[in-house]
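Below: one structure, written as structure tokens.
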Amino acid sequence: MAESEISHTHPYVPTDLNLPDFVPGFLSQSTIIGVYGVSSLLVVSLIWILSGRAFKISKTDRLLMCWWAFTGLTHIILEGYFAFSPEFYKEKTACYLAEVWKEYSKGDSRYAARDAGVVAVEGLTAVLEGPACLLAVYAIATRKSYSYILQLAISLGQLYGTAVYFITSYLEGDNFAASPYYYYAYYVAANASWVVIPSLIVIRCWKKICAAFQVQVQKKSKIR
């Protein structure tokens, strides 16, 4: 096999996807998922402990602080790296962030191919929603008046981004996974939380905002 053909060999679909100088991943799937899982657990545990000691807030709000911290750091660190590292598949060292996207691309090769829609969604998510998620942690902890509006806005943004992600894949043929396993494990399951949890948060914030508005209306009625 010619050297040029070897450099283009990769585990992604379609097999003729042109990835010059592609370098296979160095870390195993279990290592990549394990590091991500442990790191996420540490972040969530830290926020849970600190929120219980430093702030007198409900368990629901403490859980939301954990979610926003986890998702905010995921947006900024993981998705930010992808958005601003167009040649991550050429990384010749065991750079963890590059390894994550080399592995995830087995479930959606649009990442390795630098699909314009995916890059745009991930870039906006990292730059806008990531910092907003961390602001939500602060807003909940300090009981800011904009807390529910902020959480509602971020959640709607996450739902919109996820919808664009799935719809564009469907319109383009929905054939970017190396196997059914990667399709369901990465493409479906890994993104499910950004559909279910934001939906629940939208419902909760909607109810809270409506209730607060109703209280204001009642107060004005009594004054009159």
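Backbone N, Cα and C define each Cβ position, glycine as well.
Keep in mind that what you see is a predicted model, and the values were worked out from it rather than measured.
Listed as Cβ neighbours of the transmembrane segment (26-51) (distance under 8 Å, sequence separation of 6 or more from its ends, same chain) are residues 57, 61-63, 65-66, 69-70, 73-74, 93-94, 96, 99-100, 103, 137, 141. Residues or ranges marked as transmembrane segment by TrEMBL: 26-51 (among others).
Residues or ranges marked as domain 'EXPERA' in TrEMBL: 60-202.
If you look at the transmembrane segment (63-84), the same-chain residues 6 or more away from its ends with a CB under 8 A from one of its CBs are 40, 43-44, 47-48, 51, 57, 97-98, 100-101, 111, 119, 122-123, 125-127, 129-134, 136-137, 140-141, 151, 154, 158, 194, 197, 201. Under the heading transmembrane segment, TrEMBL lists 63-84 (among others).
Panel annotation: around the transmembrane segment (116-141), residues 47, 51, 54-55, 57, 61, 64-65, 68-69, 71-73, 75-76, 79-80, 82-84, 108, 110, 147, 150-151, 153-154, 157-158, 161, 164-165, 168 of the same chain, lying at least six beyond its termini, place a Cβ under 8 Å from a Cβ of the stretch. For 116-141 (among others), the entry in TrEMBL reads transmembrane segment.
What TrEMBL lists as transmembrane segment is 148-171 (among others).
The transmembrane segment annotation in TrEMBL covers 183-203 (among others).
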Long-range Cβ neighbours of the transmembrane segment (183-203) (under 8 Å; 6 or more residues past either end): 64, 67, 71, 104, 106-108, 151-152, 154-156, 158-159, 161-162, 165-166, 169, 176-177
